[in-house]
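Marked as domain 'Toprim' by Swiss-Prot: 165-243. Look at Swiss-Prot and you will find 171, 216 tagged as Mg(2+) 1 binding site, backed by sequence analysis. The Mg(2+) 2 binding site annotation in Swiss-Prot covers 216, 218.
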C-alpha cells in the first residue's frame, strides 16, 4: 500500500464497528460508478481492509478509521472525500472528518534512512581507519617480522645480511630496528661488545665486498670503532651519526646523509689524527708566548686579541671536544662552573652582576642569541666549536672557534 487515509468520526448514538463499515460501503456505493466501488477496489487489491476503532460514552460513539490505499494520489483523495460525505450510521446522524493522508512510502524511507544512519554510526565506530594504528602495525611488523638472529652468537640483524654484498655494522638491536624501518636490511649489530667483537661479525665481514661501520656520534662510537679495528674486522668505510646523536634515533633523512658522507677508514683515521695533532700543537705549555689571534673587524682596521692560557686550563680544554660541555672562567682564568652546552643561554640569562664570568669555552655553536646575551652580561670572550649565522657582532665581546685557538 502507498497511503493510509485517516478519518475521525462522531455518531449521535451507540453503534458498533460493523455499523460504521456498512455505512461507509452503503453511502459510497455507485457514487462514481463501479470503478470506485469500495468493495470492487478491495477485491482488486487497490484498497486494504478498513480498520475501525470505537469509543462509546453518553449515548455517543466516536472513533477513528484507517483505509489503506494502493491508488494514486488523486484517486486516494477522491476516496477520502467520498467517506467524508457519509452522514448517517444506522438511524443516527454522523460526521466524518479527514485527519490526514499518510504517505506510507515516506515513513518507510524515513525508517530506512534512520536505520542506515544507525548502521553507519556503528560501522564507522568499529572500522574507522586510525593512521597511528596503521603506522604502529607496520612498524611492529618490521620489528618482529624482519629482524632475525644471525650466526652462533645470535646477533640482531636484517633479513638480507647474508645475501647482500654490502654489510652495515651497528652497535645494538635498536640501531638495527631503526635502519630496518627505513629499508636497510643488510645490517647487523655487535650487541654491545666490550673488548671482544663476536666471531660472527669477523667471519661475516670477510665475506662481504663492502663493510660499513655506522656508529653513534659520541665517544661511545669512537670506542666501538677502536674495538672493531683492534679485532681485525674488515671495515671499508666509517659513517657517523651527527654529533651527540645515536643511530637508533635518526630519521630516514639523517641516515641517508650520514651514509652519503661516509669515509674510507684511511681517510677517517687521517682526519682524526690531524685533529689530535692540531690539538697537541696548539695547546702549548704555560711557558710558551701568549697566543695572538688577529681578526679583521673592518676593512680598514685589524684588532689584535692576546690571550694567555695557563697550563691547567689547557688540560681542561683538551677534554672538551665531543663532550657537548663548556667551562666558564673568571678574569684570572679560575674555573667558575662546568655546564652542559644546552644550558649556557639560560645560565647567562640568570647571571647577576656579582658573578664575575669573563670567558666561556664550550663544545658548541656560537649563535647570535648567545652572543647578544654575552654582550649584555659583559663576557669578554666566547670560544666555541664553530660560529653560526652572526649578523651583528657586539664590540665588547670577542668570538673565536677552537680552530682559531689551536692554529694561531
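In case you wondered, yes, glycine gets a Cβ from its N, Cα and C as well.
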Separation of alpha carbons, residue 218 (Mg(2+) 2 binding site) and residue 171 (Mg(2+) 1 binding site) (Å): 12
Per-state residue totals over the domain 'Toprim' (165-243) - DSSP helix, strand, coil: 30 helix, 18 strand, 31 coil
Mean of the pLDDT scores, which run from 0 to 100, over the domain 'Toprim' (165-243): 89
Binding-site residues: 171, 216, 218 - member with fewest neighbouring CB atoms within 10 Å: 218
